[in-house]
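Listed in TrEMBL for this protein:
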DOMAIN    2-152  domain 'UBC core'
ACT_SITE  C86  active site, glycyl thioester intermediate
COMPBIAS  148-173  compositional bias 'Basic and acidic residues'
REGION    148-191  region 'Disordered'
Amino acid sequence: MQRASRLKRELSLLATEPPPGITCWQDADRMDDLRAQILGETNTPYEKGVFKLEVNIPERYPFEPPQVRFLTPIYHPNIDSAGRICLDVLKLPPKGAWRPSLNIAAVLTSVQQLMSEPNPDDPLMADISSEFKYNKPVFLQNARQWTEKHARQRQEADEGTPEDLREAGHVEGRSAAQKRRARQLGGTGKKFCPDVQGVCPGPS
């Protein structure tokens, strides 16, 4: 199966060259069911936050993009309350920009970039988009409060937290059994798609 061989190649590259601030691992033993964490970048309202995502690999991968959503609540004009993400590399042409040469690391890097550079002209959350465009200080305050509330607390209760993030001081505490469950993966951003601000319709 092309998906299986592709995933094996991608996962074999993980752990050696993960994109900065990004970690990805298998959730249990299914290769197509992944979890990822993105560290909020400095000089953004998400700084020091640890944001967990769900990454599901479809049967037709790499001819269809991964299905990615946030599990950690985030205050962002392009990410809705269900964690769905408005991002062109998560959609097929003509409305999207996914292509088989992209990979999981490129997608997660694109999500990380979207966190740092929101696109208020293509929102999923109209009220947050309006706030971002016309009342930026209030947006920044609200986004920081959400980060503090949801992305910087209760991390020690997260079973899927990779050990390297905990040891780096981003996440505290985890049992030995939980450590064994987190099968660490990495990634390579060599095929990163820089165009993350494409047309993105709202959820149906």
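Each Cβ is built from the backbone N, Cα and C atoms, and glycine gets one as well.
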Number of Cβ atoms other than its own within 10 Å, given for C86 (active site, glycyl thioester intermediate): 26
DSSP three-state assignment (helix, strand or coil) for the residue listed as 'active site, glycyl thioester intermediate': coil
